[in-house]
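Comments concern the structure below.
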Amino acid sequence: MLGWLTVTCVFLALALPVTSRLAEADKGRRKVVHVLEDESGAVVVQTAPGKVVTHRGGSITLPCRYHHEPEGPEPARIRIKWTKVTGALQFEDVFVALGRQQRTFGGYRGRVSRQGSGLGDASVVIHNVTLQDYGRYECEVTDDMEDDTGFVNLDLEGVVFPYHPRLGRYKMNFHEAQEVCGQQDAILASYGQLHAAWLEGLDWCNAGWLEDGSVQYPISQPRDQCGRKETPAGVRNYGYRHKEDERYDAFCFTSNLNGKVYFLKRHKKLSYAEAVKACQRDGSTIAKAGQLYAAWKIQLLDRCEAGWLEDGSIRYPIVNPRRRCGGSAPGVRTLGFPDKKYRLYGAYCFRQDAEGPDGTAEGQEKSNSTTGKSPAGL
């Protein structure tokens, strides 16, 4: 026999320094979901619709609640497991709780905890969010006889930027593109992030790798040299390409900085080696491309002076376009990769915060993948 069960879901927002567009949008709103459920008894898991949004260095709640149908006494041993979906049938262990026992894994150690221990609450909080935390998470709740799962998508505020190294355009396979983005304080962008950047006006005529292994590029102003003028504007898609053999550029994504990018004022222009040493003498390091893009997008850095970056490129950020500052649109201007010894420019430096936004030392960005098997005892 089947019966209708009415479930009321309330999105949970963390009262910490959290940036969450979904929490803002859903604050005070109640969502009623009708679930068709049999009467044999089951545990039912509910997670947030849509996605939750924060930024690197922030804290965010991944909401997950559960109840039993039909209602009855709470089972003595409820097992809560959170994993990150890393691919088709591939998972990375994040957090497991069984009674009072709790355990976190890999790069999540010391950063993930239960939001509360109340009945029906399986939510967890991720502190000091990293770029690698972006993605889809599974909440699994198991009692003695039944289990159910739900999913939460964690998104980050940030900026997408196209990138190629000194070697030139279309020189990187997928794995090299991953590595290069990491070297620039970034990760390969997702399709969703690239599409959002296109909606904000990103227009780039060179195809680049995305994190799912596809190759795409955003066109806001169709033209013949970028896939024909008659083709509608949008994100052009080459599909999934061979990760080892085919070579393209990369679309990288970065988020909030754990420090500050600034233009180093000097009376004379500098070679690359002199720029590196000058930043070090100022208590900083020479800035990376991803750090400059984040400073432009998030910290609104605006400087009409070209300067060296760590990769040997020359760039400068423009928030308010003006004459003699390169074009009529805001963006990070790029002058290429000049001779490091004989060409002279200014320098963009990066000074890291002493502590992260939540009072902890910044650092661990990597995490270890697993097959999703449960650790012994949990």
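Glycine residues also receive a Cβ, built from the backbone N, Cα and C atoms like all the rest.
On a predicted model such as this, the values are computed, not experimentally measured, just so you know.
The signal peptide feature in TrEMBL is assigned to 1-25.
Residues or ranges marked as domain 'Ig-like' by TrEMBL: 42-155.
Summarising the annotation, TrEMBL assigns disulfide bond to Cys205-Cys226 (among others). A simple way to gauge crowding: the CB of Cys226 (disulfide bond) has 16 other CB atoms within 10 angstroms, across all the protein chains here.
Annotated disulfide bond per TrEMBL: Cys304-Cys325 (among others), in sequence order. In sequence order, Cys304, Ile318, Arg333 are the residues near Cys325 (disulfide bond), counting only same-chain partners six or more apart with C-beta under 8 A.
Residues or ranges marked as region 'Disordered' by TrEMBL: 356-378.
The compositional bias 'Polar residues' annotation in TrEMBL covers 366-378.
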Name the residues of the same chain, 6+ apart in sequence, whose Cβ is under 8 Å from the Cβ of Cys205 (disulfide bond)?
Tyr217, Ile219, Arg223, Gln225, Cys226
With every protein chain in view, what's the tally of Cβ atoms within 10 Å of the Cβ of Cys304 (disulfide bond), excluding that atom itself?
16
